[in-house]
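Lifted from TrEMBL, the feature list:
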- B:37-58: transmembrane segment (TRANSMEM)
- B:65-82: transmembrane segment (TRANSMEM)
- B:94-120: transmembrane segment (TRANSMEM)
- B:132-152: transmembrane segment (TRANSMEM)
- B:172-199: transmembrane segment (TRANSMEM)
- B:228-249: transmembrane segment (TRANSMEM)
- B:255-276: transmembrane segment (TRANSMEM)
- B:283-302: transmembrane segment (TRANSMEM)
- B:308-330: transmembrane segment (TRANSMEM)
Amino acid sequence: MYRKKVMTTLAAAATLGMLLGGCANQAAAPGGSTSEGAAGAVNIPALTSVETPKDAVLPAGDGKANCPATTTLAYVGAETGANAQLGINIFNGVQLAINEHNAANPGCQVQFKKFDTEGDPNKATGPVTQATKEEGIIGVVGLPFSGESKSTGNIFEQVKLVHITPAATNPALTDNGWTTFFRGLGNDAVQGPAAAKFITGKLQAKKVYIVQDDSEYGIGLGKTTSDGLGSALIGTDKVTTGQKDFSATISKIMNSKADAVFYSGYYAEGAPFDQQLVAKGYTGTFVGPDGLKDDQFIKQAGDASSNSYFTCPCIPGELIPSFEKAYKSLANMEPGTYSIEGYDAATVLLSGIDAGNQDRPSLLKWVKSYDKDGLSKHYKWNDKGELQAPTVYGYKVENGKIVPIGAIGE
Amino acid sequence: MLPTILLAAPVSNDWITLDFPSLAQNFWSATFDGLTFGSIYALVALGYTLVYGVLNLINFAHSEVFIMGCYGVWFTLSFLGFGPSAPNLDIGQIIVNLLLAFIVAIAASALTAFLLERLAYKPLRKRNAPRLVFLITAIGASFTIQYLIFIWRGPVPEQALTMFKPTPIFDVFGTIIYSDQLIIVCAAVIMMVVTDLFISKSRTGRGIRAVAQDPDTATLMGVNKERIIITTFVIGGILAGAAALFYVMKIPSGVVYNGGFILGIKAFAAAVLGGIGNVRGALLGGLLLGLIGNYGQILLGNSQWTDVVAFMVLVLVLLFRPEGILGTSLGRSKA
């Protein structure tokens, strides 16, 4: 009983002491561990327009195309599910291209069909098989995600149906020996080095810390970015999907006096990470890949997100006035991430149909040897199905919105 | 396929490295961060421990009692007009806001705990259901509440709302202590001391200990067992509500339907580590788990190991002290 009393008294005294100490020292100046980020001072203005290639191929063509009434293009990908928004961005782009084509070509009315995968690798095989069985479908835009692309590539391959993904960025997808898979944007092996160049170049960071999550995407991108950073890389730490408290990693970063942090992963962890980092007095720059480039990032990181930049192999379609206007009147919203990639991919297929390639084998051949400008970039694939000159764009957070700042990594 | 293997290689190459210089460099900040989160674990752990002490039931739905507190905090902040940016308020206003959020949080959590007891466990007790049925009901209740929240609020975490920007208070061994850390640790310690005093000194506390020790005899001695049980649940709920406020202060984006799950498991582990059924054990276990997790992560440079280290320590401790560090009994009062 006596011992108990002593313990409680001690505990109470200790608590009181801590409280008093806390109040008495409130005015004390912060110590030496706040980092002075040189990069934080760099201000890259937001882009207001992007240059489009002068003779970009447009879906309308010359208006003299003829094709059978059964000619169909398909979108296979998420229409519903947790990641539906990305799919909606894409198929609206495809729909816009087909509308423009059909309006200009009375002799060739291409039909459009959509197949919903919910973005789930386990559910994707059904809709893909269904699409491949429809004779009229001679070209596909999709699938948007890496996981579902991986699980369905063989089905397309068996029936030699050409498909262009407007969003899947896992580099290994083109190592499967598929001849029908084409990637309409840069992969993560391109994004990593571009991000590294962006951080040390435009953002002028001298000491970069990389934090990666445990996903295939995060690990792969973390590796290619580290390689690109060279001696500017001063430390690496790994976090886990679903992690909420990042204090250990953050304490390391603060001690390392890093002036830029690259977070290789998705916004679910990236957003609280950035928020906790800034709460600990970090004043440098925060950079993330396309997995972070989402309005949810700003919502969850709050004010902290104002230190953030993103890299993305996607082109800001909202800055191409003609495209923005047409898209808005079709979808009643601004073009989103990968809308223009969907539009361009459909245009590649439509121009093939207009040129007389109106069955699966000849349309596949058309895409293989395609070498023209699209609205967003130049489209020419190597024999594996990778773009030969992909573009990576930089974005930043400005007044609570994600805005493009121009092409990076050149 | 080769590039995939190459990409995976760096992970498997240095799959374990011990970074002692880094631990030495970050020791104090890791300690303070560990204590901050340890206090939150400890508050939640108390809820597990109290209910276990009285009912011999592992109340798996306690993590949902906690997350309801988080929603209580979130709605209060949202009602008070807080946004993602911390407004410039003076200390008085901050304290008023904190108190308001605190009251709503403990009310939400205590109410959830109360309803949980009344709707899920009491009917089972009336029918003298076997213990296993209680356990399954607890798991079922946990999922039920989780998915009710899911249907209500959706899969996306709530918008982050911040009450105040943590300010540096003072410097210990070259490490800055921030105001939020100080508030959390101090308030948590006060709450735990009060709980401990309540259990050991008050009449109701004596009742709780009596029921924990021998429910039948306690009933014969005139203790109202049902009232004691409901009180225990409500106390656990109040502490979880306090933990919820501190958690949302540290992690504003943590308010999501399944946000309590991992924290619940850690708090339960903390309760077991300290000795389940033991109030001071929960405190000790929570703080230890917070510290070990943080040290482990810095030492191994990889948070995939945090939980491995924490649970390895748990297994080691239980190997030598199967009853936990301070022993298990609430009724026999070993502390």
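Each Cβ is built from the backbone N, Cα and C atoms, and glycine gets one as well.
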Which listed stretch (B:65-82, B:94-120, B:228-249, B:283-302) has the most C-beta pairs under 8 A with the transmembrane segment (B:172-199)? B:228-249
Are the transmembrane segment (B:228-249) and the transmembrane segment (B:283-302) close enough that 3 or more Cβ pairs fall under 8 Å, when only pairs 6 or more apart in sequence count? no
Candidate ranges B:37-58, B:65-82, B:94-120, B:228-249 - greatest C-beta contact count to the transmembrane segment (B:255-276) (under 8 angstroms): B:37-58
For the transmembrane segment (B:308-330) and the transmembrane segment (B:94-120), does the number of C-beta pairs under 8 Å, pairs 6 or more apart in sequence, reach 3 or more? no
